[in-house]
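Below: the structure, in structure tokens.
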Amino acid sequence: MVSADLVRTVVGIIGNVISLLLFLSPVPTFAQIWRKKSVEQFSPAPYLATLINCMVWVLYGLPIVHPNSTLVWTINGTGVAIETVYLLLFLIYSDKKRRFKVLQIVLAEVVSIALLATLVLTLVHTTKKRTAIVGIVAIVFNTMMYASPLSVMKIVITTKSVEYMPFYVSLASFANGVAWSAYAFIKFDPFILAPNGTGALFAVAQLILYAVYYRSTQRQIAARQAKGDVGLSEVVVNGSSRKTNSSRNGHGSEG
């Protein structure tokens, strides 16, 4: 008979793979920034949010906080490294004013996590209590990150078009939420289950919207092409927006 620990490990590895794909999904966006040597109108907000979220989960997964959580801290440690690269590129190709603002936020995030880690590790002396404190903080940041597509969903409902909501990102977010919810459920961990269960529900809502508005989106695109419309339309990329010519097909992906 297969043990629960083995099943949980397998599910956790699957969750790691899906999470890694989500972390890497902005690569086309940053390839474009690299080519153009400019961040244009891209927002750093999604990467700043993901960075602090990953840092909290790295802290949560440490053996001195929550034992037997190697799969949690490894994937989130990888996420910290990936988001750091994104933000470094953002800093290199930003103007001075935006660069200073991003640096301030990154510094505030690092100081906040360092302060949380110091307080928890020095003032709290059991892993159970450390887990509860860091877990609550992690739930807040994780839920905020999963809820970030709500603004895109509002655009979908308003325009009756899913042109601005990449299907595969929504599907991957759903798979990620389900995998980590299953991981947390096998050996019950409410701090992992709560945000990922919520994230799976948000992703289901996105997929339902995609099904509802897919046909109307195709009609809108066909009508625009028939008219030869080359006006500006707003394309949401990675939780941010930029102006692009509607005759172009370039639109990015993605948490």
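The backbone N, Cα and C atoms fix where each Cβ goes, and this holds for glycine too.
Listed features, source TrEMBL:
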type	residues	note
TRANSMEM	6-24	transmembrane segment
TRANSMEM	45-65	transmembrane segment
TRANSMEM	71-93	transmembrane segment
TRANSMEM	105-126	transmembrane segment
TRANSMEM	132-153	transmembrane segment
TRANSMEM	165-186	transmembrane segment
TRANSMEM	192-214	transmembrane segment
Among 6-24, 71-93, 132-153, 165-186, point out the range having the most Cβ pairs under 8 angstroms from the transmembrane segment (105-126).
-> 132-153
Under 8 Å Cβ-Cβ from the transmembrane segment (132-153), and at least six residues away from its ends along the same chain, one finds 46, 49-50, 52-53, 56-57, 59-60, 65-66, 116, 120, 124, 164-165, 170, 173, 177, 190-191, 194-196, 198-199, 202, 205-206, 209, 236, 239, 255
Could you tell me what the rest of the chain brings near the transmembrane segment (71-93), counting residues at least six beyond its ends with Cβ under 8 Å?
-> 9, 12-13, 15-16, 19-20, 23-24, 26, 30, 33-34, 36-39, 42, 44, 47-48, 50-51, 53-55, 57-58, 60-62, 99, 102-103, 106, 183, 192
